[in-house]
Every structure is written in C-alpha cells, then in structure tokens.
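Report on the structure given below.
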C-alpha cells in the first residue's frame, strides 16, 4: 500500500517535472512547439470541415483575376463585386495561381486547405522567430493558437493578408539567420502582395545600415523596387499611373466602419483631416523617438550610427551586434508603431468630398451612354408602392447594354446561405457614383413626388414634396437564362457608403422583354392585408421599362426563358 502511494507520488512528480521542462526549459522548446503545431493541424482540419466558410473577398479576387486574364491590364478598370483592385501586382500573381488550381475559384474547399497550410506555416515561422530571438519563454507559444480571428482570416475568409504575413515572417527568419539577400527577396514579395508591409521598412533600414552598410542598404532598396516593377510589368506598360494610384494609394481615406483603434471617435471626427494629420504626426514622432533613443541605444545613438555609415559606406555601421533578438524586436516595433496610429484601412479606396461624405476615387466600369427622354408616362401599378416608366431605355440602348453586359465577368450565384432567398442567376456588382448620378438625372423628370412611407408615420407635407435625391451607387447586373429565377424576398433599405443616402426604393430596368420573345421573367409582388387573400401583382415585362417598388412588399422573380436586368 505504501509502495503504491510512493509510486503514484513519483509519477505525479515526474509528470510535473516534464510539464515544467516543456514550459520553461529552452531545450524542450521545439517539443512543445511541435505539440502546438500538431494540435493546430487537427483544429484547422476540423474548422475546414465543420465551420461554414465566410464569403467576403474571395469571389472578388477571383473575378478580378478573370478580368485580368481576359486581357484587361488597366489597373483602374479591374474590379469585382466588392470594389476595384487596390493591391500591388504580387497579389494578382498569387491569386492567378489560386484561380488556376481552384477551377476559377469554384473549388473553395481546396482553397481553404491551401490557406490552412499557410496558417500552419505562419505558426511554424512564429515559433522559429521566437526561438531564434532566444529570450522568449516556451510557454509563450501556447498563446499563439488562441486567436479566433487568425483562424477566421486564414481558414474561413481567405484574405490576401495571409500571403504577405507569411512572406514577411520568412523574411524575418532569414534576417535573423544572416541571410540578408534571401530576406530582401522575401520582403519584396510580401510588399508586392500588400502595401501595409511598408510598415516594417523603417526598422529594416536600421538593421541593414547597421549590419551591411549604406551602399549595401541602397542596393537592397533597388532590389525591392525592381521586384515591384517586375511583377507589375504588364500593368505599367498599359497605364503606369493607374497602377501606382490603385496599388500604392497613399492618399486613401479609410472607412469608419473598419476602424478598431479609434472607435471611440464619432464618424465625423474620424474622417476629419485634422485627425489624419494628428495621427501622422504621432506616428512620425514615435518613429523618431524609437530611432533616436531605443533602436541604436547600444551603438551610441542614431547620430553616431549615421556618422559611421557616411564615413564608411561600404562597411557595417554597427558597434553592438545585430542579434536575432534585435532583428525581431526592431521589425516588430516598427510595424506596431504605425498600427498603433492606424485608422484601419478599407478594402476600397475612397476620397472625401467637400461635404465630408466619401466618394469613389477610382475609375469604375464605364457604362454605355443613355440619352435623356421626353414625354414619358409614369404609370402607378400600386399606389405609393409600384410604378413603371416605359421606354426609359430605347431599343438601341437596350441592345447596347445587353452586348456590354455580355462582356462583363458575370458569375453564377453561390449556394444560398441561411436566411437568404433562393436564387439562380448570373450577376455582376460594381460601385459607380457616376452611373448612379446619370440614372438619377434620367429618371427624375418623369417621377412624381413621393409621400413618406406609412411605416414612418409622418404626415404628408404638400408644401414640400419629397423628390428622389440619389440613386444608390451599388449597381447590380443580373442575367437570367432558361429555368433561372430569384425566389420570394424582401429588399432591405440600405445606406450608400459613398453618399450617405438611405435608399427607399428598388429600381429595375428590363433590357429584354416580351418583344424579344421572352417567356416568363416577370417580377411578381405579393400584397398581404389582414383578413384578405394574398394579392399577386404582376407588371408586364417590357423591354426598356423601368420598374420601381418600395421596400415594404415581397417580390419574386418568376421562371424565365432568358432575361437581362440592369
């Protein structure tokens, strides 16, 4: 009995000693890291198989690549459902590879497995950086798998950030090991995928000047610039300024909804130029402070390092050794300093108009012209709910738009998610404030004044009738072929991020109709009143007709032979 108790006590003591060694003894670092990595392999596999994929930008990436492969090399004209292409050319190369091996982006599970591998590579590189730095306790790596957001970014959302991060992590490992040429190439690739990698550049310059000297640092910068040019050759040949404006837009104004650091400000303050200037000054001040008093402290200060570099441009300027710990610390703090002051960027470039609202700064798809019309009749199908205007588009204009739409990278709608309407069609979406303004000007002369919707419970104001002020800048194109349809659904009121206006009506423009032999395709409306049978309202499907309906009734796209909508 006593021996059994002693044996159990010995087993417990041995187990505790093993745990202590795994957590605190650097000799067992890779054993613990290996266990963490194996655990993450299992966890990411379960996430791919059992957690629903989240569509945010993957579809846009793939459509943009399709446009590029179709011969479009003007960067400002490469766009997708969530906006234009705003990343450097390395992003295009990476996603061209993904486009090829995933069947045009259709095989999303395969893409998730690729990104899962990328996540495991990122975890391994993080462990390598910690190990090479040498002053990080083993237990710190247990914190790495705890980020729900990282799992989401890599495995469920397939963001392009992942490629840039893994490349820059590999570059840091190369710098820590003294493989500076390899590190520069990896850093160049990371920068070609995402402009935010520039955040590491101030720290990298300090490391290069100290370790390799001024001339070698200059040559490294030339290599980085040459790599960017090499990736971007087809776009630079087509329109160099369009490429530079889109891929490296330093004047971009960021959307309030994406900010993390500055959520305590209201939107007006966030978008104000004064805050932008204050953040820029704050960032530069932090860089100067770390540059002068921290990064080169052991070398006698930054000015001493600069003087040594200028006197001996071919030789290293360091006095204190550039250790792996120093490399990691300087690069990570360089990145963190700007993240601290960052507004958190939007994925779509914006400019601020004089009224403080944001408007698109990047040229979008150029829609064919539509001539102004006179003497068109606005017919009421359901009072204050459904109206139609025949011949808003002429026969020739409809034909022109049908041909134009056939040139767009239309995509088949993905399987519906929970809460979405059943729909099967081909579609394309783009933000175009210019076209929205043209539509508004085309419609306005033919529209009546509008009372407030009954849901707002506001009295009519005959002395100040309400007229439409804007058309929403999000333009959607739908093309229906035989047996395709859009199931019953409610259209929601949305706020246009480019104008701030809130939409109350849906505008449909039919580009084909019964005149073209289309069978089916009408938009059905269901009016329900308490105590009465549901009434089905079916406006006639006619080519060139504009149909407007308010957001209070259920609509349904009937089965069609072939129909094109704008």
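Glycine is treated like the rest: Cβ placed from N, Cα and C.
Here's what TrEMBL has on this protein:
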type	residues	note
TRANSMEM	29-51	transmembrane segment
TRANSMEM	113-133	transmembrane segment
TRANSMEM	154-176	transmembrane segment
TRANSMEM	182-201	transmembrane segment
TRANSMEM	213-235	transmembrane segment
TRANSMEM	275-293	transmembrane segment
TRANSMEM	314-339	transmembrane segment
DOMAIN	384-566	domain 'Prolyl 4-hydroxylase alpha subunit'
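The transmembrane segment (213-235) makes no contact with the transmembrane segment (113-133), as judged by fewer than three Cβ pairs under 8 Å among residues 6 or more apart in sequence. Here the domain 'Prolyl 4-hydroxylase alpha subunit' (384-566) has a mean pLDDT of 77 out of 100. Highest Cβ contact count with the transmembrane segment (182-201) among the listed stretches 29-51, 113-133, 154-176, 275-293 falls to 154-176 (criterion: pairs under 8 Å). Here the transmembrane segment (29-51) has long-range neighbours at 22-23, 109, 112-113, 116, 119-120, 123-124, 127, 130-131, 138-139, 141-142, 144-145, 151, 154-156, meaning same-chain residues at least 6 beyond its ends whose C-beta is under 8 angstroms from one of its own.
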